[in-house]
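Read the structure below first, then the notes.
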Amino acid sequence: MTEEQINSNNGSYSAENIQVLEGLEAVRKRPAMYIGDISTKGLHHLVYEVVDNSIDEALAGYCDHIEVTINEDNSITVQDNGRGIPVDFHEKEKKSALEVVMTVLHAGGKFDKGSYKVSGGLHGVGVSCVNALSTHMTTQVFRNGKIYQQEYECGHPLYPVKEIGTSDITGTRQQFWPDNTIFTETVYNYEILATRMRELAYLNAGIKITLTDLRVKDEENNAKMEVFYSEEGLKEFVRYIDSSREHLVNDVIYINTEKQGTPVEVAIMYNTSYNENIHSYVNNINTIEGGTHLAGFRRALTRTLKKYAEDNKMLEKAKVEIAGDDFREGLTAVISIKVAEPQFEGQTKTKLGNSEVMGAVDQAVGEALNYYLEEHPKEAKMVVDKVILAAQARVAARKARESVQRKSPMSGGGMPGKLADCSSKDPEECELFLVEGDSAGGSAKQGRDRRFQAILPLRGKILNVEKAMWHKAFESDEVNNIIQALGIRFGVDGEDSKEANIDKLRYKKVIIMTDADVDGSHIDTLIMTLFFRYFPQVIRNGYLYIATPPLYLCKKGKVEEYCWTDQQRQKFIDTYGGGSENAVHTQRYKGLGEMNPEQLWSTTMNPENRMLKQISIENAAEVDYIFSMLMGEDVGPRRDFIEKNATYANIDA
Ligand code: 0RA
């Protein structure tokens, strides 16, 4: 590739560009189709998309350092030390390969025959999408001793690729400014990026990822910075996820191998809790709906443990039939595989369909687990004993559940007595408010629109399911009321499956409504934990919300305004009181009970002007870690967690 070839593009821009631009205009017209959405989530996906290309270069063996920088103006810079995107003249497209990569949809891996693109954001759309959705983007390639550069506006090149200097490093540097006419949010959240970079570092041992935030400086004017690097990959990842749980066995059972052409990495740890936490990934994508790799893992785990226990005559005294779930109580595991042509299925396209993968994972896990059990009889016995306990608890749980169903006068369709149901039966429009306390519950009943809003008052403490055995939840009236009201069923396949079935969910908005104080936030967390551990599908589908009652009622003469933040309150004081506190009357609401039904309706329940926070699980491994950490008594971090993980959105607007 010579300089003349690069520059020979000069005159011939318009014609070719029209075609290219059509592709990228489509991205600008329907951005959500390409990157999921145009809110915070989509904004952060832009970074993942760019980083994924560098990860691919690292997985190909040519790059071991990726630097991500949040610049002061909320632009992002990603630089790697790979080979640099090729800048050769591309015969078919009649322009530099670099320009093709940057301006043609899905052009990413075209030039690298022989190696496949394994990494890839959920949408895997390529860096050209990022380019299309940025007001400005600058790409620099360090290669052949030279520095090449091209800049773009909304995906349109401003000039052909040019040389701008010499350099003895190699790599690629991209900087982009997300388009604020497309994204509803353009301020980057450090924690969201840090969480994904940490996860990527664990999933790809040996790659150093640095994250720098130039917007935040310490006393010595040093920018905020973190280095994510893992020597041992998933082995360290499970230790991190389980770091605040009590280990049943100290070892991590670890496999890193290749079976039938599929690279398989698995790490397993048992803890003393009652939850199953399996996180699975395909090509660095979190497959939250599971799939064939997860099925292979489960099958191997069940078969191998069962056989070991039987061979050693450990099950005879148990007197209960062991079920698949029993082998996974207190299990934390991470499965990461690489597949050349993954088939993603399911509602959110995060379920792996490739059937050949099942056997590969099954074989890898079976061999490694069998080897571990044979070598560690003491630890093996502790695991099997825990499995037996789980089976016994499960049987107890079924009995408790059956007795509840017997007790409730109308089995099948029977609703808890405390539920004030709505008249509509269409789940799409129905809302269930879970309200703290009977008195607030009373106000909510009077204030609601009974056509589509149902009220379930919750009395007393919600069980901390993080600390309790699985079946304990079904002994709790509050939990059973929630399950019955929602229409959630367990073990519908005749088995004592822990998997909740939400096919008959009666409300597609479930709204937690508690006081805007520390106790209220504690209750929010307990309810969220219950949903996360027992029916996470409700959260994943985006059905769980937190109501936000106002903090103040500000008055001046006849003017009345509710305020949700101190800034809003200050603005009212400035506007109506000429900046003087004393000139206006501001009333602090401490609890829902201080509002009459009319006020509760107009501020917190009326879809026209309420503010709901939608609860989402962006990163299940991190949420798993955080919930296990929050079991403790300290309320501070809980609140941080809620703030961090709630998507603030007036979703009714
Ligand atoms: C295809 C071929 C080659 C490098 C890359 C892609 C590449 C892409 C990106 C995107 C971000 N960083 C990257 N680093 C490399 C190299 C082909 C060769 O040198 O022979």
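Cβ coordinates are placed from backbone N, Cα and C, and glycine is handled just like the others.
TrEMBL does not curate its annotations; it predicts them automatically.
Looking up the ranges 70-91, 400-421 in TrEMBL, the one annotated as region 'Disordered' turns out to be 400-421. Comparing Asp517 (Mg(2+) 2 binding site) with Lys461 (site 'Interaction with DNA'), their Cα atoms are 16 Å apart once rounded.
A count of other CB atoms within 10 A of each Cβ picks out Glu436 as the most crowded of the recorded positions Glu436, Lys461, Asn464, Asp515, Asp517. Annotated pair Glu436 (Mg(2+) 1 binding site) and Asn464 (site 'Interaction with DNA'), C-alpha to C-alpha distance, rounded: 16 Å. With respect to their backbone Cα atoms, Lys461 (site 'Interaction with DNA') and Asp515 (Mg(2+) 1 binding site) stand 14 Å from each other. Asp515 (Mg(2+) 1 binding site) sits 19 Å from Asn464 (site 'Interaction with DNA'), taking the Cα positions as reference. Following the DSSP three-state reduction, the secondary structure of Asp517 (Mg(2+) 2 binding site) is coil.
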